[in-house]
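Student: Please see the structure below; I have some questions.
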Amino acid sequence: MTSPAKFKKDKEIIAEYDTQVKEIRAQLTEQMKCLDQQCELRVQLLQDLQDFFRKKAEIEMDYSRNLEKLAERFLAKTRSTKDQQFKKDQNVLSPVNCWNLLLNQVKRESRDHTTLSDIYLNNIIPRFVQVSEDSGRLFKKSKEVGQQLQDDLMKVLNELYSVMKTYHMYNADSISAQSKLKEAEKQEEKQIGKSVKQEDRQTPRSPDSTANVRIEEKHVRRSSVKKIEKMKEKRQAKYTENKLKAIKARNEYLLALEATNASVFKYYIHDLSDLIDQCCDLGYHASLNRALRTFLSAELNLEQSKHEGLDAIENAVENLDATSDKQRLMEMYNNVFCPPMKFEFQPHMGDMASQLCAQQPVQSELVQRCQQLQSRLSTLKIENEEVKKTMEATLQTIQDIVTVEDFDVSDCFQYSNSMESVKSTVSETFMSKPSIAKRRANQQETEQFYFTKMKEYLEGRNLITKLQAKHDLLQKTLGESQRTDCSLARRSSTVRKQDSSQAIPLVVESCIRFISRHGLQHEGIFRVSGSQVEVNDIKNAFERGEDPLAGDQNDHDMDSIAGVLKLYFRGLEHPLFPKDIFHDLMACVTMDNLQERALHIRKVLLVLPKTTLIIMRYLFAFLNHLSQFSEENMMDPYNLAICFGPSLMSVPEGHDQVSCQAHVNELIKTIIIQHENIFPSPRELEGPVYSRGGSMEDYCDSPHGETTSVEDSTQDVTAEHHTSDDECEPIEAIAKFDYVGRTARELSFKKGASLLLYQRASDDWWEGRHNGIDGLIPHQYIVVQDTEDGVVERSSPKSEIEVISEPPEEKVTARAGASCPSGGHVADIYLANINKQRKRPESGSIRKTFRSDSHGLSSSLTDSSSPGVGASCRPSSQPIMSQSLPKEGPDKCSISGHGSLNSISRHSSLKNRLDSPQIRKTATAGRSKSFNNHRPMDPEVIAQDIEATMNSALNELRELERQSSVKHTPDVVLDTLEPLKTSPVVAPTSEPSSPLHTQLLKDPEPAFQRSASTAGDIACAFRPVKSVKMAAPVKPPATRPKPTVFPKTNATSPGVNSSTSPQSTDKSCTV
């Protein structure tokens, strides 16, 4: 029998096999389902592609129709003229050609999209239908093949099951036969053992009886042994037979198992792959590839056709040429634009003389008229040349505006990684509303100025043409055609004489000296045109060898002086920048690195003569100094290059004037900025060097300037001992309001904080310390404690002025109307001088200037009983009015004395153009009447002259204000000034903001002393004594003070320090 444990094991084996077969059968079923699902998805995809291209074909057809309608709409308007114009292609204007090509492109796109729609409907969609049908048919056949393969695999698995059962059966029989054989062997051994024991127990009795017993027992034992041996032999034969069958069955099972595993492996690895590749997907991807490539071919050909049309349009756009269009227009309408016939002389009543009569009675008149015409032409040409330069600079600005490269919209077609829609960049593009508004405003303003200058230039050229024709005919008649321009020859000879006698020409040195003294902060310097009459006067004076700008007089228009300097360099026979180095310099401009550009410019310029380099070094050092005041004069290096560049370097003939001028401007700007790195140092090249440190004494040392007298030197030494005592002690101040610094240089503090002031840095700033940090402190946000005690500020030039007792009527007159005759213009010049003197480390010239102020102030002194003045007066330092004034006193009175008109603010003087020639002439006349003699003056005579001059000046100012209200002063480079917000109605506690609103102070209030802070302020500021009450509430300033532009050296003369009012409501000391 077989053991129960063996049967249990057989059952487990069979159960495991059945489970494995079931899993395979389920897997085969899922495989067929998955293939069915793929087939359905494939059919659905092909159906979607058909629907997509069908809808796209409809859209393309609609788009084609709309494009055709659009093209026909505009072609109908231009067909009549178009037929005429296309008869001759050369008569088609370039904009019209662009328009025709654009319409043709639209029609071409319409035809292309119609073709594309037809391809979608009749080519691509049928391909997808065919692919769908083929895919479904092939899948059915593939499914049959797959089902057959699965049936074969299940058949192999069933065969393996049968062989396994047979193996189990034969193996069980073999085990059973083996156990029976072992049992028979045990019985045989047991029988043999019993026989041996019986023989041992029996005792032998007689020999005969023993022999008989033994024979019987042997016979019995033999029969039992034989039986056992026979049984053993049978069982042995049975075991051998079953064992052989079990071995054969096992071998058959192993062979079937190997075959089954090979079949399963082949089905999963090879059969399924071949079924999907060669049956299910047979031709599917290839057919789909051909259909989609048909789509790509259609789209690419559409794109190619579109690109061909766009290339034609691009060529037409590149060929947009105003000059060619002008020529075509004139050729098309030749009869309209051709010059008419000349007017012929029509004799009257038989008068046949058709030429000028140069006989003796009229010869002198013709000669005089020819000379007048020549002089007039010289002036007009200069004026027209100035207008032309301005017009060309404005044209360059317009070209920069209209040619800005803002047409690239590639950023709008950039897609994000998530395949979202096109980026919205409207706010950053050209079409943003703020950008359009600003661009249009700038463009319109520039265009208005350009057409104004163009009209002025054309009118001037017309006049020059008429006068030139008359002049030429007169010259021809008088036989003077060979005569050259006398004024030009005289000027050239004078210039050559000046150039040969000194390194820096007189006109250059004198103009730069004057501008450095009085015009560094003049708004629009070198940009605003001056008076041509005054330019000619100054130029003629220089040609005669004179220096009309020598001395301290300031009755010249700053713009006219700047025009003289530009005119000089423009008229040089040999310009500073020769034309043979033009291309080398233009090559330097293309370098992006500023240092490398400067190095290459230096190499190019070093080949020039030393005299030219000295003049260049002098000029560009001055221009660099001037550009440091760009916040006041609105002239940064780029603006200076635009206005001054054409005068220094002209574009050679044969070059594009507009494009080359932009490179010239960039070159001049680079030289202005990098002049120290470009030009040789004084050690490398000896010669005059422009000095920035306060031009007053520097230019007085010039061979063309005035020398300082011995009296001035003595007074400087005396004044130095008195001003150096208080230079070391700082001033304590209290913060009136909270202030937060806008830069690292400005200090931040809270209201009530204690501040330490070192010195006055500008009109609106102090240099001081707070919480151990040094920096700038705004003047309007603090109260200086020294002023509350009635003590005049330290280091103020006013502290050295002695108060002189005068009759009461003189004091009233001085307060009421003893104004400087030159009005606001001279006040501006004086304050500009003070600003320049602040930047000078030397104190001698500053004391000299304030010494002059003391002479000028002797006619407007305050009450001698004022405690603020009496505390700091020096008893013998000031002469009385009845004594003879020093040499420089009368001239400088016009700058610093009589503060009535000094109440004009800087912006008001700029707005009203108080530095116009008319006001200066009036001011000069008034000054010459009352101050230009060196004999003792009577105070009443001075007061009467001043009152008469003031009345005349105010009348002129009223007239000028009415004219300036409609006068437009254009700006070439479109610098934008902040609108002036000064109200014409002035509060009772403030100073008048304009000479037209100046009121005479006739109430004899005691002790009004002018604050020393007016040395840097434009508005006239007075400090009331403690008894004066201010009713206005305390408020912080409406606007923050403008940071000043400091020189490179930190040494500031103590003579320019000033104090503030202790009252927070006294805003008259600020601008």
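Cβ atoms are placed via backbone N, Cα and C, with glycine included.
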Student: Labelled phosphoserine in Swiss-Prot - which residue from Ser724, Ser845, Ser852, Ser964 would that be?
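Tutor: So the answer, going by Swiss-Prot, is Ser724.
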Student: If you check Swiss-Prot, which of Ser702, Ser994 turns up marked as phosphoserine?
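Tutor: Among Ser702, Ser994, the residue Swiss-Prot annotates as phosphoserine is Ser994.
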Student: Of 362-401, 442-481, 802-841, which range does Swiss-Prot call coiled coil?
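Tutor: So the range that Swiss-Prot calls coiled coil is 362-401.
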Student: Can you tell me which of these residues Swiss-Prot lists as phosphoserine: Ser435, Ser748, Ser1013?
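Tutor: The residue tagged phosphoserine by Swiss-Prot is Ser1013.
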Student: Quick one: which of Arg235, Arg439, Arg927, Arg962 has symmetric dimethylarginine in Swiss-Prot?
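Tutor: Checked Swiss-Prot: the symmetric dimethylarginine annotation sits on Arg927.
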Student: According to Swiss-Prot, one residue among Ser195, Ser903, Ser930, Ser965 carries the annotation phosphoserine; which one is it?
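Tutor: Going through Ser195, Ser903, Ser930, Ser965 one by one, Swiss-Prot flags Ser930 as phosphoserine.
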Student: Quick one: DSSP breakdown of the domain 'SH3' (728-787) into helix, strand and coil?
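Tutor: Going through the domain 'SH3' (728-787) residue by residue, I get 6 helix, 30 strand, 24 coil.
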